[in-house]
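Per TrEMBL, the features are as follows:
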DOMAIN    70-322  domain 'PDEase'
ACT_SITE  H146  active site, proton donor
BINDING   H150, H186, D187, D296  Zn(2+) 1 binding site
BINDING   D187  Zn(2+) 2 binding site
Amino acid sequence: GDARVRGQTGVLSERRGSYPFIDFRLLNNTTLSGEIGTKKKVKRLLSFQRYFHASRLLRGIVPQASLYLLDEDYLGQARHMLSKVGMWDFDIFLFDRLTNGNSLVTLLCHLFNVHGLIHHFQLDVVTLHRFLVMVQEDYHSQNPYHNAVHAADVTQAMHCYLREPKLASFLTPSDIMLGLLAAAAHDVDHPGVNQPFLIKTKHHLASLYQNVSVLENHHWRSTIGMLRESRLLAHLPKEVTQDIEQQLGSLILATDINRQNEFLIRLKSHLDNQDLRLENAQDRHFMLQIALKCADICNPCRLWDLSKQWSERVCEEFYRQG
């Protein structure tokens, strides 16, 4: 069908993502209603769909409706919620409504500031915001479960774990940034179906990653593509950015449910032997992997009202796959 969807601003835009398959009829049209015809395509790094679809902005789509602006009452409530962002009863659904569907961007901007990451890594605030918007928009809003609200929920849970005293005192700014970025982008461009579905339907992603951690590899590569495209870390030394990219991959790949036993056995061994040394960078990275895995599936541990909503959403998404 039609790959165009109406965004929150009322503007028709191309749905960016890996699934469903591309409607090639759209690619052959150089002019669409309300657009300035152009042949220039923006090749977004490492994303199959983005390679083919032109940038909405560069195609000059004329806005059909004004932006929805939040009034001070809503902004005040959102700010009040952020003052309690470290609490386990944080209601991400309410926060998403108060931020007009921008929970992930708003939350990450706040957490980067709270943890002093903007100052420590000398990040450009505008570039950071642009990168976070790219991440948020690459989640599929039509997914009942694997959407940007889930990413924001996982990020908030990760923030709670990063504040745990036994871990917090050892964490470096790099550890914190990696943890938050991995949480925010761990399911980016999720198609709403699982790995066995992609393999059985011979999806191009399954072929690309040879049926191994298909979704997780795609989430990681998409994240690296957006990091490079936004140039968020371009001012850092090359060896530093390469290390960040590799560690992000290690964290995101750890969320593969097929590797669950591997991590549980290793964690149990560390606990039995009491040989975790958080002064050691490798042990800290392992704990970040465990934290991200816990944050990713923490829904049943939330308050009942929140847990019930997540359960209904994930059941709906599985039902749609069926």
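Quick reminder: no glycine exception, Cβ is built from N, Cα and C everywhere.
Where the annotation comes from TrEMBL, it is an automatic prediction and has not been curated.
For the recorded Zn(2+) 1 site, residues H150, H186, D187, D296 set the reference point as the centre of their Cβ atoms, and the other residues of that chain within 8 Å of it by Cβ are H146, A151, V154, A183, H190, T255. Along the domain 'PDEase' (70-322), the predicted structure has mean pLDDT 96. Its Cβ placed at the centre, H186 (Zn(2+) 1 binding site) has 28 other Cβ atoms within 10 Å. Summarising the environment of the residue listed as 'active site, proton donor', the number of other Cβ atoms within 10 Å of its Cβ, over all protein chains shown, is 22. In this structure, of the binding-site residues D187, D296, the smallest number of CB atoms within 10 A of the CB marks D296. A 10 Å cutoff on Cβ-Cβ distances gives H150 (Zn(2+) 1 binding site) a total of 23 other Cβ atoms nearby, all chains included. Using Cα positions, the member of the binding-site residues H186, D187, D296 nearest to H146 (active site, proton donor) is identified as D187.
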